[in-house]
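To keep things clear, I will list the structure first and then write my remarks on it.
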C-alpha cells in the first residue's frame with residue numbers, strides 16, 4: 001500500500017476539516033432558523049445520549065486501533081490478525097450497547113419521550129463499528145477518507161435543503177445528520193478487502209488487546225462526560241431552550257477545535273511508527289505540533305471572543321442572543337483542547353502512557369460535574385461553559401505533570417513566545433486603531449444579516465493581517481517555512 005508524506009496527509013485531513021467547518025456554516029444558520037431552539041435542543045439531547053452508547057460500542061478501539069494498525073501495517077499476516085481480533089471485540093460491545101440502549105428507552109421517561117429520535121440516531125452506532133475508520137487512519141489512507149466523507153456530506157447537505165422546512169421536520173434532519181456522519185462507512189466495509197482479509201477461523205488472541213482498550217475506553221468515557229454531560233445536565237436542570245442556546249455555542253466550539261486538532265489525527269500513526277525507527281524525528285514532529293496548535297488556537301480564541309455576538313447572529317439568527325455571552329465564556333477552551341490533544345494523542349498514547357491520559361480525563365470529569373452541579377441551576381448555559389473551560393484546563397495541566405521530564409525537549413519555548421508576542425501586539429494595535437477613531441465596524445443596521453456578516457469579515461481581515469505581519473517580522477518558524485516553500489515553488 002502507498003503511504004503518503006505527512007504534508008500530503010495533513011493537507012487531505014485539513015481539507016476534510018475545512019469541509020467540516022464549511023458545511024456547518026452553510027447548514028447551521030438554515031437549521032437554526034427553520035427548527036428553532038426547542039427542536040434543536042431535542043436533537044442535541046438525543047445526540048448526547050447516543051454518544052454514550054457509541055462510546056461503549058467502540059470500547060476504546062478507535063484510539064487503540066490506529067496505534068496497533070500503524071505498528072503492524074508492514075506485515076500483512078499480523079495486519080489481518082490484528083484487524084480480525086479488534087472487529088470481534090468491537091462487535092461484542094456494539095451488541096451490548098444496543099441491549100442497554102433498548103432497556104434505557106423502555107424504562108427512562110426522558111428517553112421514552114424521544115424514543116423515535118434516539119432510534120434514528122442510534123443507527124450510527126452500527127455503522128461506526130463496521131466502518132472501521134481507525135483501520136484506514138492506521139494505514140494513512142487520508143485521501144480515501146477525505147473523498148468519501150466529502151461525498152456524503154454534500155449528499156446530506158442537499159437533502160437537508162430539500163426535505164427540512166419546518167420545526168416538525170426535526171426527525172428528518174436527524175436522519176440526514178446520521179447519513180452525513182456515517183454513511184461513508186458503508187463504503188469502508190466494501191473497500192476493506194483491498195487492504196486486509198478477515199479470518200475468523202484463525203486462532204484469535206483477544207486478551208493482549210484488552211488492557212490498553214479498557215484504559216482508552218475509560219479515558220474516552222471520562223472525556224465524553226465532561227464534553228457531552230453539559231447538555232444532558234442542562235436538559236435535566238433547565239429546559240430545551242437553554243440546551244438550544246448552549247448547543248449553538250458548542251457547534252461553533254467543535255468546529256474550531258476540529259480545525260486546531262486536525263494535525264493530531266494525521267500525526268498519531270506516523271509518530272507511533274517513528275518511535276520505533278526515528279527518535280529524533282519524533283521530537284521534531286512534537287515541536288511542530290505545539291507550534292501549530294498555539295499559532296492557530298490563540299488568535300481564533302481572541303477573535304471569536306471579540307465577535308461572539310455577531311458570529312452567533314450570523315450563524316444562528318435572531319432568538320439566540322443569549323448564546324453570544326455563553327460563547328465568550330466557552331471560547332478559551334479551544335486553546336486547552338488543542339494543547340491537550342498534542343500531549344495525549346501525540347505523546348502519551350504513542351509512548352504507551354495511557355494511564356495518564358485516563359487520569360487526566362478523570363480529573364477533567366470531576367471538575368466538570370462538580371462545577372456544573374453548583375452553577376448550572378444559577379446561571380444555566382453560562383455555568384456549563386465555565387465548567388468546560390476549567391475541565392479542559394485541568395486535563396492539560398495533568399498531562400503536563402506526567403510529561404514534565406519530556407516537555408523541555410519537545411517544546412520550542414522561543415517560538416511559542418514569538419506567537420504570544422504577536423497576539424499581544426495585535427491586540428495593542430487594535431486598541432490604538434480604536435483610540436484614533438478608525439472605523440472598526442461597518443455595520444449600519446445591527447439587525448441586518450448582511451451587514452453583521454460584513455463586519456465579522458472586516459474585523460477578521462484587520463486582525464489576522466496584523467497578526468500575520470507581526471509573525472513575519474518576528475520570524476515565527478511555521479510562517480517562515482511556508483513563505484520559503486512558496487518562494488521555492490515560484491523559483492522552479
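Note: Cβ is positioned from N, Cα and C throughout, glycine not excepted.
Quick look at what TrEMBL annotates:
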type	residues	note
TRANSMEM	12-31	transmembrane segment
TRANSMEM	43-66	transmembrane segment
TRANSMEM	87-109	transmembrane segment
TRANSMEM	115-135	transmembrane segment
TRANSMEM	147-164	transmembrane segment
TRANSMEM	170-190	transmembrane segment
TRANSMEM	210-229	transmembrane segment
TRANSMEM	249-268	transmembrane segment
TRANSMEM	289-306	transmembrane segment
TRANSMEM	326-349	transmembrane segment
TRANSMEM	356-379	transmembrane segment
TRANSMEM	385-403	transmembrane segment
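The transmembrane segment (43-66) is not in contact with the transmembrane segment (289-306), judged by fewer than 3 CB-CB distances under 8 Å for residue pairs 6 or more apart in sequence. Residues of the same chain lying 6 or more positions beyond the ends of the transmembrane segment (87-109) and with a Cβ under 8 Å from any Cβ of it are 49, 53-54, 56-59, 61, 115, 118-119, 122, 125-126, 129-130, 132, 198, 200, 204, 206, 209-210, 213. Between the transmembrane segment (170-190) and the listed ranges 115-135, 326-349, 385-403, the one holding the most Cβ pairs under 8 Å is 115-135.
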